[in-house]
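The structure under discussion appears below in the form of structure tokens.
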């Protein structure tokens, strides 16, 4: 395949077109007056979303080099979403602002590497200032405010997330599911989550979410590795006859055993999934015992005199539902006896009192939360499927933002925190004029989120940015109410982690784009013309 190779300004200008195409599509969603984007789907009805990363993921450009620029900005949005769960649109807007300002300076003769050093120094200074501005979340009301902002100013969702966190604690497990009707509600169920995902993606039952969902499954808990199908076959046959799904939790499942399970799952002969046991060493044994007590099963362990080939259905635990993604397994409503669970909880509490190690105490606390905390399920109701998907996206965003806020605290929202942090750039040392220019690029770029919020509200950005810069503390512009006020008192707050990661990831990719001197991509294939059709009729006929 022939390649096209572009250098210097030509390469960067092409990349810029891709960056602008994606960023312009994403930034229409920013702020309280941001608009929706409709995404065409190959199958089913179009999706309507105000979630920046959903828009970014859907964009592919025809030109290969422009598409490279778009894909790199998509990486910023995806990474920010993965790490913080929100802030994807802010990250995209910042990337575009840093890259475009940098591009003008490179075209004017600035050294890209010195610009990058200046940008990196400035970003470090801004992040240090954000940490100083940050304020710990202290009550349920502030949790509701963070969730409300992330859910596009939906107060109902904000209150529900705060309510769910009250029920299961800040470290508890909250899952989002579709409701049968139009009502949205929160329910708490006894449940447990551990940090092990499925052993093979072929076990996935819900391909949209890439999750395994098992209803009323049997749960086989084994403390050794399963490699041979021979030892697993007797219990598998019993499960197949019962017609129920099976989850295998073992030290590992590999080789012939894993291959056979995958083949049976693909053929539809058996609804099955396998995950590795959580923890290591003695903690693994203790956690397997916790799972067994929660689900009413028995840990099949040769130390206790049990062999896998002799196992029957009586040894298996059961639960109402199990959800497994690539990282976590959640067991909902295990069938274990209440008395046994209470006894186990009390045993862990006494171990916590007797231990002298902070590490052990922390791990025991984790086990205690898993056994007694439960899982909160948010059932999202909507009138149509399209509305349901859009609402679920917003709830997911809000949940992630709230967790981020609990983790690292909050800063004033509406783009104010970044503008206030700009003062820290006055003290950043630089070695040459190009580094100074890099610092100046960040000074200008940190205004871009507020400019985009104001633009989406139908107003002129420069005037409002200047007025906000003249203020102090959390004084900013409330685009929803069209007035200037104290952001935190008005409930306009952002998680510190979201703002920090948006800037870090944006600066990282924008700097790489600026220091690009050459781009190599496939030449577009020319479609060959259709061959001429043969003449109709038969030769030689009179």
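Glycine is treated like the rest: Cβ placed from N, Cα and C.
What you see is a predicted model, and the numbers here were worked out from it, not measured in a lab.
Just one of 14, 50, 104 is listed by Swiss-Prot for the same ATP site as 29, 30, 31, 32, 86, 87, 88, 89, 90, 414, 494, and that one is 50. Residues within less than 8 Å, Cβ to Cβ, of residue 29 (ATP binding site) and separated from it by at least 6 positions along the same chain comprise 35, 36, 37, 49, 50, 51, 52, 55, 89.
Highest local Cβ density among the binding-site residues 31, 87 belongs to 87, counted as other Cβ atoms within 10 Å over all protein chains shown.
Cβ neighbours within 10 Å of residue 414 (ATP binding site), excluding its own Cβ and spanning all shown chains: 27. The local packing around residue 89 (ATP binding site), expressed as other Cβ atoms within 10 Å of its Cβ over all shown chains, amounts to 28.
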